[in-house]
Amino acid sequence: MAGMNRDARIYLAGHRGLVGGAILRRLQAEGYGNLVTRTSAELDLRDQAAVKAFFEQERPEYVFLAAAKVGGILANSTYPAQFLYDNLMIAANVIHASHKTGVRKLLNLGSSCIYPRLAPQPLREESLLTGPLEDTNRAYAVAKIAAIELCDHYRAQYGDDFISAMPTNLYGPGDNFDLQGSHVLPALMRKIVEAREANAPQVEVWGSGTPLREFLYVDDLADACLFLMQNVSESGPINVGTGKDLAIRELAELIAKEVGYTGQLAFDASKPDGTPRKLMDISHLGKLGWQAETSLQIGIQKTLDWYSSNVSPRIVE
Ligand SMILES: NC(=O)C1=CN([C@@H]2O[C@H](COP(=O)(O)OP(=O)(O)OC[C@H]3O[C@@H](n4cnc5c(N)ncnc54)[C@H](OP(=O)(O)O)[C@@H]3O)[C@@H](O)[C@H]2O)C=CC1
Ligand SMILES: C[C@H]1O[C@H](OP(=O)(O)OP(=O)(O)OC[C@H]2O[C@@H](n3cnc4c(=O)[nH]c(N)nc43)[C@H](O)[C@@H]2O)[C@@H](O)[C@@H](O)C1=O
């Protein structure tokens with residue numbers, strides 16, 4: 001693994017999040033014992049001086065950048081200034097401090113929303129910066145594009161081995177189940193479980209139900225992150241997904257089936273649909289040698305098991 005042996009000093013930023021939690025489980029399971037973590041209360045990554053001091057003191061050799069201001073369509077469109085500022089600052093501070101302290105390799109996490117709203121489907125890496133972005137998450141996407149550019153220019157100018165993975169929509173154990181702030185899959189899972197328990201006749205689904213989305217189980221993403229850290233050194237975004245998508249209505253029906261809920265779906269047209277489709281072209285990562293393993297049905301079952309047995313799942317507004 002490009003030098004990342006079991007003793008390597010690894011900083012995992014965002015270890016309490018959906019993605020960071022999955023990477024942490026995986027690193028621990030594989031015997032990586034020299035891990036550095038901080039909560040946002042211990043180290044606010046928007047604070048340049050604090051980030052500089054942390055890197056100078058801890059001297060990580062490898063960095064997984066999974067800390068970010070993250071949310072679903074409503075949070076993104078309600079708090080665009082925070083999504084832009086926080087994510088610009090986090091990325092600039094962590095990437096620059098990594099450069100200054102000689103980090104050997106950094107993996108930056110972006111998102112499929114970086115691609116133009118009307119780019120050809122499936123979305124190829126080459127479509128970056130070829131057209132206007134989707135309005136509901138433009139601020140977040142601009143910050144994520146800036147982070148890719150930082151990695152690429154630090155590679156070009158300084159020779160830093162900084163790479164960028166672009167996952168599709170994620171879900172799994174450790175997700176945020178807040179009904180306003182979360183993404184669609186955890187939100188629908190919680191609403192449908194609660195509707196079954198209350199014998200409610202219907203469940204509210206935002207928008208028209210027609211937008212298409214692709215979902216990757218977060219443990220598969222963690223596997224991809226380790227694969228990329230171990231095997232890949234190149235500039236530009238690297239798509240990570242399953243290559244399959246489905247309509248939001250179909251997703252709601254699938255969750256209802258797994259939950260055992262037989263009520264109606266009520267579509268709320270006052271809520272935004274967002275981008276009509278964002279299916280990833282995953283051929284580049286496939287050629288490099290990685291593919292996802294967990295089907296959506298199995299992933300939903302695992303997430304449902306976790307959610308049902310977790311007394312207080314994470315709720316972040
Ligand atoms: N969820 C998804 O569907 C997708 C996520 N991604 C990307 O994956 C990455 C991780 O996302 P995800 O795990 O879902 O997000 P989460 O919201 O689950 O976790 C993000 C983590 O970032 C940390 N964090 C946030 N702000 C700060 C800050 N100012 N200083 C330090 N730490 C901070 C939080 O730490 P703490 O808990 O200590 O407050 C939190 O645990 C992001 O870059 C995101 O763009 C990409 C595609 C889809
Ligand atoms: C990962 C990705 O995630 C976001 O983009 P998004 O895919 O549009 O986000 P979403 O998961 O919130 O919604 C997907 C679809 O689902 C519909 N929908 C139905 N019912 C609920 C519902 O109850 N909650 C939510 N959140 N959505 C619902 C909703 O109306 C939309 O049509 C950005 O943060 C973006 O920046 C980003 O990176």
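Any Cβ shown, glycine's included, is placed from N, Cα and C.
Just so you know, TrEMBL annotations are computer predictions that nobody has curated.
Remember, it's a predicted structure, so these values are computed and weren't measured experimentally.
What TrEMBL says about this one:
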- TYR140: active site, proton donor/acceptor (ACT_SITE)
- 14-20, 109-112, LYS144, 167-170, HIS183: NADP(+) binding site (BINDING)
- LYS191, TRP206, ARG213, ASP273: substrate binding site (BINDING)
- 10-241: domain 'NAD-dependent epimerase/dehydratase' (DOMAIN)
- SER111: site 'Important for catalytic activity' (SITE)
- CYS113: site 'Important for catalytic activity' (SITE)
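Close to CYS113 (site 'Important for catalytic activity') in the fold, though at least 6 residues off in sequence, lie LEU133, GLU134, ASN137, TYR140, ALA141, LYS144, THR275, LYS278, each with a CB less than 8 Å from its CB.
The average pLDDT computed over the domain 'NAD-dependent epimerase/dehydratase' (10-241) stands at 98. Only CYS113, ASP273, in sequence order, out of the recorded positions GLY14, GLY20, CYS113, PRO167, ASP273 have a CB under 6 Å from ligand 2. Its own atom aside, the Cβ of PRO167 (NADP(+) binding site) has 22 Cβ atoms within 10 angstroms in the protein chains shown. Calculated from their C-alpha atoms, the gap between PRO167 (NADP(+) binding site) and ARG213 (substrate binding site) amounts to 12 Å.
Reduced to three states, the DSSP call for LYS191 (substrate binding site) is helix. Around ARG213 (substrate binding site), the same-chain residues six or more apart in sequence whose CB sits under 8 Å from its CB are THR168, ASN169, VAL184, ASP245, LEU246, ILE248, LEU251, ARG277, LYS278, listed in sequence order. In this record, substrate is bound by LYS191, TRP206, ARG213, ASP273; the longest C-alpha to C-alpha distance in that set is 19 Å. Counting only the Cα atoms, the space from LEU170 (NADP(+) binding site) to TRP206 (substrate binding site) is about 18 angstrom. Listed in sequence order, the recorded positions among GLY17, SER111, CYS113, TYR140, TRP206, ARG213 whose CB lies under 6 angstroms from an atom of ligand 1 come out as GLY17, SER111.
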